[in-house]
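Here is what Swiss-Prot records for this protein:
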- CYS233-CYS235: disulfide bond (DISULFID)
- CYS266-CYS269: disulfide bond (DISULFID)
Amino acid sequence: MDEVVKGLIKNEHVLVVATICTETVEYARKIHDTWPTATAAMGRVIAGSVLLASTLKDRQKIMVQIKGDGPLNEVVAEADSFYRVRAYVKRPHIYMGLKNEKIDVGRGVGKGFLNVIRDLGLREYYQSSVELQTGEIARDLAYYLNVSEQIPSAVSLGVYVEPDNSVKAAGGFMIQTMPETRTEIVEFLERKLSETQSTSSMILQGMDSLQILEEVVGLPIEVLHRGTVTYFCPCTKDRVINAIVTLGREEIQKMIEEGKTVDVECYFCKKKYEVTVEELKILLREI
């Protein structure tokens with residue numbers, strides 16, 4: 001079962017979060033039929049969105065979008081406060097080979113921007129954007145948190161893809177210091193992080209999320225919260241129809257005149273919906 005653990009280093013002002021989301025990323029891989037570079041990129045963005053979701057309040061959502069000039073083009077993951085996540089990659093059939101014995105996600109992403117959109121339950125979304133620093137996702141998220149959110153943060157994300165393309169390990173961790181954090185603790189954590197093995201390696205060794213945090217920081221953790229990560233897409237035919245309404249009466253009339261059923265496929269879960277001409281006529285009368 002995929003999980004997330006959120007806590008504090010005991011007696012210190014340091015927030016720590018870790019997630020293992022191997023099953024979720026493997027489920028997404030199967031839905032989108034991704035090749036290794038696309039799988040690794042999507043998996044990292046999924047893990048990153050879960051880490052950021054740990055800071056949300058009830059019923060809030062967050063979307064992480066990576067938009068680059070590399071062959072992947074766009075990678076998106078959305079997570080809510082219940083750690084329900086969904087994702088897609090614009091070009092799923094991409095494999096760029098290895099770099100330093102790891103899947104070369106940076107070359108697949110290229111140069112571009114990281115966009116974070118927060119749905120806080122208000123009338124408008126809160127959106128911020130930073131330029132990609134490496135395209136490897138983890139450092140880009142850390143840069144976003146440091147620059148846009150003004151929160152000193154360290155982020156590590158990892159996805160291990162087997163030769164048969166299946167996902168053997170996926171997850172990540174995030175460490176955030178606060179203004180009250182002692183300088184000695186910051187320096188200690190910096191040293192520990194420089195010695196830390198990769199996230200995917202720790203998952204492959206059988207560590208759970210709490211054990212990963214304890215391994216990374218080397219200090220006792222006070223657990224604040226545990227949650228379960230699941231892949232979930234809330235799309236419905238009603239939502240499809242509502243989207244068609246936004247096109248306006250003129251566009252709907254054109255669809256009716258063409259006399260063809262409207263076929264819609266959800267980006268996130270690949271579920272297909274059909275809206276018949278008769279349904280379009282009823283819709284036009286109601287708006």
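Think of each number as a place in line: the chain as shown, counted from 1.
Cβ from N, Cα, C; glycine included.
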Practice task
Sort out the sequence-distant neighbours of CYS269 (disulfide bond) for me: same chain, 6+ apart, CB within less than 8 Å of its CB, listed by position.
Solution key: ILE31, ARG86, CYS233, CYS235
Practice task
Indicate whether CYS233 (disulfide bond) is helix, strand or coil by DSSP.
Solution key: coil
Exercise for the section: Give the three-state DSSP assignment (helix, strand or coil) for CYS269 (disulfide bond). Expected result: coil
Practice task
State the count of C-beta atoms found within 10 angstroms of the C-beta of CYS235 (disulfide bond), not counting that atom itself.
Solution key: 17
